[in-house]
Structure formats: C-alpha cells, structure tokens
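**Student:** Annotations for this protein, taken from Swiss-Prot, read as follows:
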- 63-201: domain 'Flavodoxin-like' (DOMAIN)
- 69-74, 116-119, 152-161: FMN binding site (BINDING)
- 235-449: domain 'FAD-binding FR-type' (DOMAIN)
- T323, H357, 387-390, 405-407, Y411, 420-423, Y600: FAD binding site (BINDING)
- S520, R521, K526, I527, Y528, V529, Q530, D562: NADP(+) binding site (BINDING)
Amino acid sequence: MSIKPPSISLLPVSPEQLVRLQSEIGDFSPTQLAWLSGYFWGMVNQQPQVQAVVPAVPAQETITLISASQTGNARRLAEQLREDLLAQKLNVNLFNAGDYKFKQIAQEKILIIIASTQGEGEPAEEAVALYKYLYSKKVPKLNDTVFAVFGLGDTSYERFCQAGKDFDNRLNELGAQRLLERVDGDVEYQQVADQWRKQLTGILKQRIPTETGTEITSAQDRSVNEVFSTSYTKQAPLTAALATCQKITGRGSDKDVRHIEIDLGDSGLRYQPGDALGVWFENDPELVDEVLNLLWLQGTEQVEVNGQKLSLREALISHVELTQNTSVIVEKYAVLAKDEKLLSLIADKQALQQYAHNKPIADMIREAASQPEAQQFIDLLRPLTPRLYSISSSQAEMENEVHLTVGVVRYEIDGRARTGGASGYLADRLQENSDIRIFIEHNDNFRLPADPRTPVIMIGPGTGIAPFRAFMQQREADGAEGKNWLFFGNPHFTEDFLYQVEWQRYVKDGLLTRIDLAWSRDQQHKIYVQDKLREQGEAVWCWIKEGAHLYVCGDANRMAKDVEHALLDIIAEHGGMDTEQADEFLSELRFERRYQRDVY
C-alpha cells in the first residue's frame, strides 16, 4: 500500500528514519499496520530508553562503546559486550563509529573500541572520519581517559588487524591509559572475544562500584533493521533456490561476470538497497579429491570439527577453507611437512605473506609433500566462512527475489585451473532450482538519501555497479525527483558493459540524468573512472554544492583510493581549497553521510 507522509516538520523522526520505515512497511496490510502501532506503543511503554532503579547515589561513570564494523562482526561483538556490562549494572552507551560525535571524545572517561580492518590495513568505512580526527592536529589530549581495544581482522592479509592496532596506539599516544592490552581476533574470533569480554567486564566491575539504587542507563539504538529483522542469520541462514545464473559479459571478454537471481519464496526475508547478501558455499569436490590424493588420504577418515565428528571428505567440502591460503597455514604446514623451503620462509614475514598470497593450499601441498594424519591436516585449516556480495536489486521492484552481480574468480597456477570458492560454486556447480543458503548483512552506511529530491552521484566500475542497479530500481519505484549520475568503467564497451540495456532505458526515460563511461582497453592509453571524474570536475563540484550524495563501490585497494584522490583534487581546484581544507571538506561529507563507500 502507498502511504503519504505528513510534513516532516511535524514528525519526531528524521527524514532518513521516515524513509527507512516506509521502505520496511510498504507491503503491510492495514491490519498488520494497526497491530504494529500497538506493538510499538507497548515497546515504548514497557522498555523505556532509560531503565531506572530508584536514584540515590551520584551517577556512576558511563562507558562509551564504539563499534567500527565493516561486515557486521564488530557490531555484533559490541552488542554482546553491552549486554555483559548491563548485566553487571554498569552504564554503557553503544555507538556505531559513523554516528559518534568524535569531538566529544575529550569528555570520555571510559572508552572501548571494537574495530574491524578492511583493505590494506584501513579502518572500517564508518570509522574513517573518527580515525582521521584522532590523527589530526585538532584532537585533544586524553589524559583522563582509560580505554580498551579489540581488533578484528584476517590473517590472510598482510596488515592483520591494523585498524585496531592504530586506534590502540593513537589513544595511548594521546595520553589515555589502557585498561588491558589490545586483543586481535582472526576470522574465527568468537572464543578469544568471549575471553576478552569476560576479562574486560571484570576489570570494569571492579573499577566502577555499583550500589542498590544506582540509575542504570543504556543507549537503546534499535534500528529499523533490528525491529524488522527476520530469524535468518549467518548462523541460521535461509535455504533459498537459485533461479538464474546468466553470464553478462561477452564471449571475447577476459572477465566472467554472472547475473544471479535467487528466489526467496514466502520466507519473508527483507533487504534494502545497499545491503549485502551472505552466501554459504561448498568447496569444489574435484579440488577436495586433488588434496586428498596429494596427502595420501582416503577421505573416509573420521575427524572432529567444532565438536562434530564427520568424514574427512565432508569436512573438506563443507567446513573448512581450501581456496584461501594464509601465512599462518603456511607456517603450520611447514612444521608439519618439515619442508626446508617453507621453513626458511618463516623468518621472512614479507616473503611468507607473499607466498601465501600467491600459492593456493593445494599447490603448496604439491610443492611440499607430506603424509599427515587426517585430524592434523584439518587442524591446520580455517573454518569455512560465507562470502558477502553487494545486492543488485530492490525489493520495491523484485519483491521475493534477490539479485547479485558476481565476478567469477578464474586463474591458473603452473598450468592448473583454479577458481574462487564461492564464485565458482555459484557459476559452475549450482544448477537452476538448487538450494543455496543465504542471509542478509544490513549496511546502514550505504543508503540512498532520505530526501528523494537529493542528487546522487554513483561511481562503480566492474561489479561495483551492483548496488547502483538496486539504487536505480528503488529511485524509479519511489518516483524520486533527484538527479542521478553514473560513472562506470570496464575494459571494453562491446564485451563488458554490464546491464547496458537497463542503463540505456534509464537514460531514455530521464531517470539517469548523466552517464560517463570509462573503457580502459578500447584505446592505446588507459582510461578509468577517476579520469572521467577529473574530466567532469566542474560539473561534479556543482552537483556537490547542490547537495549531491557521493557513492563509491568496488575495489578498495586501488580504485577507491584513486577515486578519493580525484575527488580531493576536484574539491581543491573548484572549491578554492588547499589540500588540508579539501580533506576536511570530504571528511565532513563522510560524517554527514553524503560520501559513502562499499569497498572490498
């Protein structure tokens, strides 16, 4: 049903909150809406934002807890810690890093940061503004602050947990005192996180005495996502059906990009443009057989994974990573195999990291043969983790479907074809109507403007175009009046113009106001989206002055950095600013949610 909102000035909610709410209840019946109104009224009256016991003694110190999350893990851990602290009758306010007013940091007495790392050791996207502020000349001394940091990362990357390390070091440099040493968590972090939570809660309970009658407060920042969340999660995914897997690059393309449609049926799974889809996958049985043969194992041996007993073959297919090597795995395997070449790498961290990056697990075993026990080998490997893909559809148009735009990872090692774990699973091994286990990873840091009249600039080369297809479907469904400008790039026009017909229709219909295309291999000199941005610098600056929101999606290591440099150059040149002023201006756009990135 369609609901016409009253004047924003009369509402106790922001325009952004109203739009998010409307997107969630758009298909609710009048009966359901009436029930919801009573539900929310009851929630407000039964669960007030400040839970009070009879106030008596002076208010205790409040703990400020900041989650800097990239894929939701830091946020979930922060919520677990908040519950621990509340159970001990401690005051705690939980903030997403993007919502934290960082200039109030000088007033913080107890500061806890849980920080994910993305790309090449960079902070999570929502934490960039806070990170830059802490390293700026404006940041005050924090001599009256105590703090603790938990870092989340992945040992397959060279700068493991670098963002957590940076936050920890910088707070200490500013005069803050550690409550306990920083802890770094790998992909399978829950056990060390549980220990850290228990230790930190004990320290804080001793530091902050509580008495009967103390008023206990907690920021209740329930989002629309939480209110309307379904029962499907990473741990309990939805089993949906693969409806379509269609190659959308040409025969002559060096890239294999798939348009994937998944049927949600009557599951009730909900998502918004900007969200990601988590996909659980299985390893290629042929790869599993190759590994078993190289190790002289049968696959029928019994092993234990997370307390569950199963065959080695089943464990290798469904429970552990086989396509992502890490320096930790190389080091452990070197000791197990007693291989001199691998053992020599251990002393050279950079060489070890490079070897792990370039040599898949199967090829490492081929180079350094060994005959371990089945359980020994399983214990070397990391648990299988789902892959996240930017959603390329809007439920306003696709209803009970979710679409993905997936680049299939294909390469060769010494003449042997290798394929990405999840992308190969989707493209090569699943058939139409096959079951696929999925869940939604909400991303409130990549959302369309609340005001449909706001201009939008979308920058997404390659499969980075995915969320912008969802954006345009949503803007069309909403009848949004705001202008839309797309910057897209790929190697060749004839082979790699993803969703060409759809973009041409949007241009023809007037929904897509402008489109700039960068084909890097169609001429002698390479042209990328950042070059097109600079070429249109004056117009881009005009749109920014008109209030445009900027969105970037795609490769974090090169493209996103090059695009940011181009934006800084545009702001400096056309805004009449020096380098420092341009950087502050872009940081302000980020803080205002006018510059958002979904990079990986």
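Glycine is treated like the rest: Cβ placed from N, Cα and C.
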**Student:** Measuring Cα to Cα, how many Å separate R387 (FAD binding site) from V529 (NADP(+) binding site)?
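**Tutor:** Here the two Cα atoms are 26 Å apart.
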**Student:** Would you count the other CB atoms within 10 A of the CB of G72 (FMN binding site), including those on all shown protein chains?
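**Tutor:** 19, counting other Cβ atoms within 10 Å of G72 (FMN binding site).
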**Student:** Going by DSSP assignments with H, G and I as helix and E and B as strand, what are the residue counts for the domain 'Flavodoxin-like' (63-201)?
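**Tutor:** Grouping H, G, I as helix and E, B as strand yields 58 helix, 35 strand, 46 coil.
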**Student:** Specify the count of other C-beta atoms within 10 Å of the C-beta of D154 (FMN binding site).
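**Tutor:** There are 18 such Cβ atoms around D154 (FMN binding site).
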**Student:** Please state whether DSSP places D562 (NADP(+) binding site) in a helix, a strand or coil.
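**Tutor:** For D562 (NADP(+) binding site) - judged by DSSP and reduced to three states - the answer is helix.
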**Student:** Whole-number answer please: how many Å between the C-alpha atoms of I527 (NADP(+) binding site) and G119 (FMN binding site)?
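**Tutor:** If we compare the Cα positions of I527 (NADP(+) binding site) and G119 (FMN binding site), the gap is 23 Å.
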**Student:** Compare the Cα of Y528 (NADP(+) binding site) against each of the binding-site residues G72, S116, T323, Y389 and report the nearest.
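**Tutor:** Answer for the nearest of the binding-site residues: Y389.
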**Student:** Can you give me the average pLDDT across the domain 'Flavodoxin-like' (63-201), rounded to a whole number?
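**Tutor:** Here the mean pLDDT over the domain 'Flavodoxin-like' (63-201) amounts to 93.
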**Student:** Taking the Cβ of R387 (FAD binding site) as the centre, count every other Cβ atom within 10 Å, in any protein chain shown.
**Tutor:** 18
**Student:** By a simple count, how many Cβ atoms lie within 10 Å of the Cβ of T405 (FAD binding site), its own Cβ left out?
**Tutor:** 25
**Student:** Using Q530 (NADP(+) binding site) as the reference point, find which of the binding-site residues G119, T405, G407, G420, A422 has the shortest Cα-to-Cα distance to it.
**Tutor:** G119
